Every structure is written in structure tokens, then in C-alpha cells.
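Working notes, structure below.
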Amino acid sequence: MADYEKQKMNAAIKAAEYVRSGMIVGLGTGTTSYYLINEIGRRVREEGLKIRAVCTSRRTEDLAKQNGIEVIQGTKDQIDLTIDGADQVGMYGTLIKGGGGALLREKIVAYNSKEMYVIVDSRKIEAAHFGSFPLPVEIVPFMHMRTLENLRGICTQTDLRMNEKGEPFVTDNGNYIADMHMGMIDDPINLERSLKSIPGVVEVGLFNGIAKRIFEGTDEGCNIYSITNSGIKKEEVYFDP
């Protein structure tokens, strides 16, 4: 049986090797990103690595500070490298993100980065079934019921995300999340454009043409893929010694 936690850790540790002193680094949100933050923190303590980090959520910021990583709230300079997880990866490197509720900040940080690397376990690359993971859409609370109905005009099975108390999940930006159960996404570029044309939609959890590399953790190590115009191309297979 696959050890998905080990796979996440292997992907995160390998991607962390690309972080160098002097960089401004975007840090993602989610379980795989937390392995990354712990590994960067280890390098800060043991190797004297010096970076500044832009964090995509309060949870990420808290963990980064606990690991001794310098956190900045923003920068006018371009971020050198962002490393983040993904809920699903499609054939041409399109991502579904936002399962952790941080998609708006994640997209702002990724868009303003020279490069974005994605760290995932072996379940996340779904070229043939892209869209089987629910697509998160961040919406403003005002008139949110109407916004949901407008989203249902595109996908009838669209639900408002709730927290453990049965109340609407609230993002760090004070917004709500709608989860769209698309089943299959054939044209992510036009889908994103259509969704963002709906008033009340803040951001969509589709990342088109942003990621440059994918680190797919395995039980033995990590597969590294580059994203090209023709699709995902395997660069390297790394085995954990």
C-alpha cells in the first residue's frame, strides 16, 4: 500500500533543494507544503539558509515563524520561487487548488513569482480525469446565495463549503468558498474566464500556465516533471538513498 505521507515528504524535501539563500520564496498552504516549510526550517537552522518568505495563509505564516523563517507581508519585487501543493494536476500542468481554502492568496503569490513548483503525492496527477476533484471558487458573502445560483448555471452540483460547526467556511480574506463538482474539465481556460465573469466571484481555483515543474513524491523518492507546451515531460527520477 502506498504511503502518501511519505510521498508528500519526499516531494517537499526534493523541491526544497531548489531554495537558495537570498531568495524571496512563496510558501503554499496544505499538508504537503507544511513538510516543505519544516524542511526549509531545518536548512535555516542547520545550514544557515537565509530567505524571506511570503506566506499564502495565516497557518503557513505561523508555521514558518515557528521554523525560524523570516516572513514578510508583501514585496514590490517579484518572488523568486513559489513552492505549493495542488489538489489535482491536469495533462498540460493546469492545477486545481483551493482545497485548503487559500486559493486567492495562493494565486496572487504564484502569479507574482518568477517560477512556481508544485509538490504532490502520486494520487494528484490526473491527466485523464482532470476535474474529478471539486473546483473551489472564492466568492464574497454579499448576495452569496445568488452567486451560488449563477455558478449552478454552469455546474448544477455546486455547494457552499461549510466548517465543522455547520457554518459557512470563511477564508483569511473574509470570503466564502463554493465547491463545484464538475466531474471533468475539458477547457480550463474558458471555464475560468466564464466563472470570473460572474459578479461576486473573487477567484477561481484553476491555475492555468503558471506552474513550471511538478515534484511527484513516490514511496522510493520523487519524479520531477517539467511543464511544456506539449504537456508534462519527465525530467528526472530521484531515489531516496
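Positions of Cβ are set from backbone N, Cα and C atoms, glycine also.
The active site, proton acceptor annotation in Swiss-Prot covers GLU106. Taken from Swiss-Prot, the feature substrate binding site covers THR29, GLY30, THR31, THR32, ASP84, GLY85, ALA86, ASP87, LYS97, GLY98, GLY99, GLY100, LYS124.
Shown on the structure are the features that Swiss-Prot records.
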| residue | record | Cβ contacts under 8 Å, 6 or more apart |
| --- | --- | --- |
| THR29 | substrate binding site | THR56, SER57, ARG59, THR60, ASP84, GLY85, GLY100, GLY101, ALA102, ARG105, GLU106 |
| THR31 | substrate binding site | GLU5, LYS8, GLY85 |
| ALA86 | substrate binding site | LEU95, ILE96, LYS97, VAL118, VAL120, LYS124, PHE207, ALA211 |
| GLY99 | substrate binding site | GLY30, ASP87, PHE133, PRO136 |
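Reduced to three states, the DSSP call for GLU106 (active site, proton acceptor) is helix. The residues near the substrate site, meaning same-chain residues not in THR29, GLY30, THR31, THR32, ASP84, GLY85, ALA86, ASP87, LYS97, GLY98, GLY99, GLY100, LYS124 whose C-beta sits within 8 angstroms of the mean position of the site's C-beta atoms, are GLY28, SER33, GLU106, in sequence order. Neighbour density for ASP84 (substrate binding site): within 10 A of its CB lie 31 other CB atoms from the protein chains shown. Considering other CB atoms within 10 Å as the measure, the emptiest surroundings among the binding-site residues LYS97, LYS124 are those of LYS124.
Secondary structure at ASP84 (substrate binding site), taken from DSSP and collapsed to helix, strand or coil, is strand.
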